[in-house]
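Only one structure is covered here, and it is reproduced in the block below.
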Amino acid sequence: MVPQTHGLLLLYFLLQLQGPLGAVVFITQEEAHGVLHRQRRANSLLEELWSSSLERECNEERCSFEEAREIFKSPERTKQFWTIYSDGDQCASNPCQNGGTCQDHLKSYVCFCPLDFEGRNCEKNKNEQLICANENGDCDQYCRDHVGTKRTCSCHEDYVLQPDEVSCKPKVEYPCGRIPVVEKRNFSRPQGRIVGGYVCPKGECPWQAVLKFNEALLCGAVLLDTRWIVTAAHCFDKFGKLVNITVVLGEHDFSEKEGTEQVRLVEQVIMPNKYTRGRTDHDIALVRLHRPVTFTDYVVPLCLPERAFSENTLASIRFSRVSGWGQLLDRGATALELMVIEVPRLMTQDCLEHAKHSANTPRITENMFCAGYMDGTKDACKGDSGGPHATHYHGTWYLTGVVSWGEGCAAIGHIGVYTRVSQYIDWLVKYMDSKLRVGISRVSLL
């Protein structure tokens, strides 16, 4: 070792200085200093003859960070060496699996995984995790699982799947579920103050329709296509014929004509044959207009989602929007401007439990869901019936419910009940493609 070499060299050097007995055996202070003085980095006299080296400075004896920096000259290389030198190589055990690359850090490591793997040690196969039940399979819109292979994504008919195989981009000028006036100015402007809601800025609820009888508010509705709207079946309980009933799209303020309105006559109403007048189950109706509307910045359809997507993904989103011109207060005046509120969806069990303890509350069925605030701060109201419960996902809005019934407007301890649209998607699609007689029809459910 170097210390032994130092001792032998010093002994040899002193012996060479000895002469006859009478000779001088001492050397000058400067000469002694040259032999005995320890330089800043040297560990022996012999080391002073060597250039700085990693082996000498850090492998044989403990070195400092400053000494390592002098050796490597590069901050990056010094840091890389020092991490391993002072902490040990955390990558020595090859913790990264499936071909992952390990990078050592102080008391830790990071794995850089191949394309199909993830996790701290690249232990998770993305294709195995990439299923529709897990965050909708990362799909923008619709997701389908396949046995033995990874899931596939698809899009609503107004959209086209992108090369990344997950994103959906519009392929028409006015795709469903988008709000042109917001996209063109890149922000929304809520203003003002349905109960506890606010005025929906003009054009920001472009799928909202209104049913009128003799020019008076009858019900809300929602646009699905150029000739079809959806509303609540109970809106037609008092009608045997479709006389003096009109639908207005592009409406915002009842007190003035704004030039964006499109008025259409009602040609046909289709409702489930299981709906009973005065009851609440199957409270949904498909309405055909006598001629198509024109899509504009203020008239855009709401997307009717695929059933699996609605039940598995949209139903798990807590807050959705409800809009309409209903009463601003219980037994109060109706709104002149279109109002909108955001309401939380309630767990089915909570909804059933609530209904069980409320007197005179209709039975909650699998064709309904509950939403709202138990404290009575926000709710849909009379006149909002038939309006949309719209849910937002990855930039697009979808129809998830139809305003059906409630126990007063925002009554404390009571909630709003909505028709669960996912139960009727196949039924709606089928009859939107059919040609039934003009008038009111009751047809079987699928």
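Cβ atoms here come from the backbone N, Cα and C positions, even for glycine.
In the disulfide annotation of Swiss-Prot, Cys91 is paired with Cys102 out of the candidates Cys102, Cys111. Per Swiss-Prot, Cys132 makes its disulfide bond with Cys143 among Cys113, Cys143, Cys153. Candidates considered were Cys155, Cys176; the recorded disulfide partner of Cys168 in Swiss-Prot is Cys155. Only one of Cys153, Cys176, Cys409 is recorded by Swiss-Prot as the disulfide partner of Cys303: Cys176.
According to Swiss-Prot, Cys351 forms a disulfide bond with Cys370, chosen from Cys370, Cys381. Take the Cα of Cys132 (disulfide bond) and measure to each of the active-site residues His234, Asp283, Ser385: the nearest one is Asp283.
Among the disulfide-bonded residues Cys102, Cys113, Cys122, Cys219, the ones whose Cα is located within 10 Å of the Cα of Cys96 (disulfide bond) are Cys102, Cys113, Cys122. When Cβ atoms from all protein chains are considered, those within 10 Å of Cys63 (disulfide bond) total 19, not counting its own.
In the structure shown, across all protein chains, Asp283 is the one of the recorded positions Glu66, Glu70, Glu76, Asp104, Asp283 with the greatest number of other Cβ atoms within 10 Å. Every protein chain shown contributes to the tally, and the Cβ of Cys132 (disulfide bond) ends up with 21 other Cβ atoms within 10 Å.
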